[in-house]
Amino acid sequence: MNRQRRRGLRSRYKDDMSHEVIRSTALNEEHGVLVSAEGVGSAARGEPRVLVTMGSDSDLPLMMKAVDTLRFEFGIPCLVQINSVHRDLRSMVRHIENLPPSVQVVIACAGGAAHLPGNIADLRADLPVIGVPRDLGALKGVDALLSMVQMPEGAPVAVMAIGDAGAVNAAIHAAKELAIADPAIKERLQAYAEKRKAKVQRQNQGLEQKLQGFSD
């Protein structure tokens, strides 16, 4: 089911040089696609709390890890947009300046020069911005990581790890931001931590059998 939903999300992106946002009949095109725990385009089932944005649809498989974590672990609706600083700066500025008022956190993925998170942080001083460096090019994401980390004073970006772990951690970090004023999300964060703890305990329980296999 998850793979089918991801394919459906990708099919809504129109691959043209204008780099307009992912299309959806559920919302105005200026807003992008709403993804809730119930599925893509579920505009009636909750306003978006997080924007997940990226420079190209080639970043989508990575950022679906953030989207799925927000959806299935924490029940947080999000918007998904394509925004290119280098190929369509005007549209990026328009999209970011006209986000729905329900959006409280931004997760932005970029590779290479990785200007997208920093530009959003400058445009929206009222929103926390979380950067996810993509493993891309000759430097394997290190250039993107350093670009995001070295933001000037006054335009902070919370930078996660390069790649998959960074995408998942970005979703968790966004949930923690929202949990400050949302007890339900706080409970889901605690449940998520307990699930991870239980996994380690199960591994320890199976460790004795594995060690016996080595000693026999």
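Using the three backbone atoms N, Cα and C, a Cβ is placed for every residue, glycine included.
Substrate is bound by S56, D59 in TrEMBL, and the record lists one more residue there from R87, R90, R94, which is R87. Most Cβ neighbours within 10 Å, among the binding-site residues S56, D59: D59 holds that distinction in the structure as shown.
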